[in-house]
Amino acid sequence: MEKSSIYGLTWTKLTEWLEAHGQKKFRATQVWDWLYRKRVKTFEEMSNVPKETIELLTANFVMNTLEEQVVQESTDGTTKYLFKLSDGNLIETVMMKQEYGLSVCVTTQVGCNIGCTFCASGLLKKSRDLTAGEIVEQIMNVQHYLDGRNLEERVSHVVVMGIGEPFDNYDNVMDFLRVINHDKGLAIGARHITVSTSGLAPRIIDFANEDFQVNLAISLHAPNNELRTSIMRINKTYSIEKLMEAIHYYVNKTNRRITFEYIMLKGVNDHKKEALELAALLGEHRHLAYVNLIPYNPVDEHIDYERSTKEDVLAFYDTLKKNGINCVIRREHGTDIDAACGQLRSKQIKRVGVRERMKQKQAALEE
């Protein structure tokens, strides 16, 4: 039987599991203290936990299902990690240094099926969801990386915007949030956590009904159905009308601000016409709408797309502001490394594929 990651258990699930296996309820407090406060890397280091409990945990769980493969460090402090999972799949995690602290962007799926035509993440289709433990471990690996360098820094913010669609892996993502937000866990404040979705309308409604104060971001990227469908396949299933119905429910239920992500593609969605359409689309909820204009990171496989000029981005920004929409032009991170989400993973898989083909050719020649 393959053991699962101990990091995948929420506080409630760990407590229930320990009690079901004859352990005292307070053992959960001890175990989580070792995992998230002292941040040990083996069960054996949990010195105040009885041997019987240690043996039970060791027999059923592991603490390291991720193996570090590549680390890229940018001159601006951004660090990109490529991890290998226990089944050999590769995922990316990114740490960004912000004025307000350290932010980590986590991956939730191996590959992506959303079908955004400009994105590196979808170059390889989804093969499976990540477990809650595999998502939490991304944060823990980054934190261990910081601890190992005696930097005395901690991950203070989390964005669920890496490879995959978080709401397509809903239950595992919710457990991940419960772990990192819990005051006995990583204790990352809910207002410091943002979950991004490409627009799974039913799950936006589910998310509104959760007991979280976590921020929500919508990957919108176009203000009308024709344009959005041409660059985001998901719009065929959940049109802008369906998406806005879900957003209306979310806003009325939570009264929380929503960030709308809008990637700027030269000659595609960056005209004044689209800016005016976007302002009109968000007009009803402009007091809780916040638009994040994102400079495009070119992807080798998507040669049809280029980043908008600075002049066009500024003009788009000005049009939104003049029409009462709060917005910002996102600061770029890691431009001197594989900046686009999924790009490092895609390149690594290609390299491995090339090496394997060369090995096969060499073997054939030697036969």
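The backbone N, Cα and C atoms fix where each Cβ goes, and this holds for glycine too.
Annotation source Swiss-Prot lists active site, proton acceptor at GLU92. There are 26 other CB atoms within 10 A of the CB of GLU92 (active site, proton acceptor), with all protein chains counted.
Taken from Swiss-Prot, the feature domain 'Radical SAM core' applies to 98-326.
Per Swiss-Prot, the feature disulfide bond maps to CYS105-CYS341. Residue density at CYS105 (disulfide bond): 23 other Cβ atoms are found within 10 A of its Cβ, drawing on all protein chains shown.
Residues or ranges marked as [4Fe-4S] cluster binding site in Swiss-Prot (evidence: sequence analysis): CYS112, CYS116, CYS119.
What Swiss-Prot lists as S-adenosyl-L-methionine binding site is GLY164, GLU165, SER196, SER219, LEU220, HIS221, ASN297, and the listing cites sequence analysis. Cβ environment of SER196 (S-adenosyl-L-methionine binding site): VAL159, VAL160, MET161, PRO166, LEU216, ALA217, ILE218, SER219, GLU261 lie under 8 Å away, each six or more residues apart in the same chain.
Look at Swiss-Prot and you will find CYS341 tagged as active site, S-methylcysteine intermediate, backed by sequence analysis.
Of all the recorded positions in the list GLU92, CYS105, CYS112, CYS119, the shortest Cα-Cα distance to ASN297 (S-adenosyl-L-methionine binding site) is found for CYS119. Of all Cβ atoms in the shown protein chains, 26 besides its own fall within 10 Å of the Cβ of CYS119 ([4Fe-4S] cluster binding site). Rounded to a whole number, the C-alpha distance linking GLU92 (active site, proton acceptor) with CYS112 ([4Fe-4S] cluster binding site) is 13 angstrom.
When the C-alpha distances from GLU165 (S-adenosyl-L-methionine binding site) to the recorded positions CYS105, CYS112, CYS116 are tabulated, the minimum falls on CYS112. When secondary structure is read from DSSP and collapsed to three states, SER196 (S-adenosyl-L-methionine binding site) falls in the strand class. When the alpha carbons of CYS119 ([4Fe-4S] cluster binding site) and LEU220 (S-adenosyl-L-methionine binding site) are compared, the span between them is 13 angstrom.
Neighbour counts of Cβ atoms within 10 Å were compared across the binding-site residues SER219, ASN297; the minimum falls on ASN297.
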